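Notes to accompany the following structure.
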Amino acid sequence: MTVTALGVPTVRGRSEGSAVASDAPGDGPLLDRFGRSATDLRVSLTDRCNLRCGYCMPAEGLNWLPGEQLLGPAELARLPRIAVTPLGITSVRFTGGEPLLARHLEEVVAAAAQLRPRPEISLTTNGVGLAKRAAALAEAGLDRVNVSLDTVDRAHFAAVTRRDRLTDVLDGLAGARAAGLTPVKVNAVLDPETGRQDVVELLRFCLEQGYQLRVIEQMPLDAGHQWRRNALLGSDDVLAALQPHFRLRPDPAPRGSAPAELWLVDAGPDTPAGKFGVIASVSHAFCSTCDRTRLTADGQVRSCLFSTEETDLRGLLRAGAGDEAIEAAWRGAMWAKPAGHGINNPDFLQPQRPMSAIGG
């Protein structure tokens, strides 16, 4: 069996993090050198997952992060607290891997819900197991969910995820809706071969069920580094596939820093009206308005999904650092954020960590 290593990027230690932070503002918003303010925190709880989507993970053989390297519940309460006050984070999203595999998920959500000012709290999940936990998560303080679902065709789903769990995901969506975790959003990464067919049925399903579809261009974040730009099913391809079947109009509302370009769908003979979005991270990059900062399951700050460097907050935590030192390191990490991801540059290098070890 071939074992795929997670890969460890260049990590700034405590001394390096402090040096970078000296150039960053010492208070106020969490800024980078280009004037962008990070207000959206993505927190990965685990790198493990119970599906094996080909664009993210190999079928087998992926080395997991050792348990002692993962942040514990107390650390996962403290870091978001620092992020909200004094760093000004207003939205916290818990991700994985698959965050439902984290046994302390409800505890971590409840801690975030106690923060003041209270951030919006959301979850990105594959939906397997969500039906049983949606009500408890809502009670803990979760506001809404995004559920990953690339197709409603059972055979296509099994081929993409290497697991026959479509019914579980559909049940999870329904459970989230029943628990009031709305709007329920569906994240779809389309297969280059079947995606044009899948997206038509997926949008029809979402409109009928009252979910909001988000189609996300496949990015170079797979563990096997098999992504190819010339195989991309881009946003223009998605719209071309949908337009023969639906009446679409651009949403006139200001987009702001949101990653999705939204489209309104007029009611048709067989479908209600609604909206969907396309996140064109590759073909129409939105790096200039990015407002995200990322915390990996092992306590590293990443300023971008495609960063080649990380800043170690776990080391600071476990060395007994105070909140001010952690804040300074975080500010330094974000101050060094690049202008863009560079995917379309000839010298682009794919991150060593796959998406499962970063957090979406």
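Just so you know, glycine gets a Cβ as well, placed from its N, Cα and C.
What Swiss-Prot records for this protein:
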type: REGION; residues: 1-31; note: region 'Disordered'
type: DOMAIN; residues: 33-251; note: domain 'Radical SAM core'
type: BINDING; residues: R42, R93, T124, K185, R292, T293, R294; note: GTP binding site
type: BINDING; residues: C49, C53, C56; note: [4Fe-4S] cluster 1 binding site
type: BINDING; residues: Y55, G97, S148, M219; note: S-adenosyl-L-methionine binding site
type: BINDING; residues: C287, C290, C304; note: [4Fe-4S] cluster 2 binding site
Worksheet entry | pLDDT averaged over every residue in the domain 'Radical SAM core' (33-251) | 95
Discussion item. I'd like to know which of the binding-site residues T124, S148 has the most other Cβ atoms within 10 Å of its Cβ.
Written reply: S148
Worksheet item: By CA distance, which of the binding-site residues (Y55, C56, M219, C287, C304) lies nearest to R93 (GTP binding site)?
Response: C304
Discussion item. Same chain, not part of C287, C290, C304: whose C-beta falls within 8 angstroms of the C-beta centre of the [4Fe-4S] cluster 2 site? Give them in sequence order.
Written reply: R36, A285, F286, R292, S303, L305, K337, P338, A339, G340, H341
Practice prompt. Could you tell me which three-state DSSP class C53 ([4Fe-4S] cluster 1 binding site) falls into?
Written response: coil
Response to the item:
Of C49, S148, C304, the binding-site residues lying within 10 angstroms (C-alpha) of T293 (GTP binding site) are C304
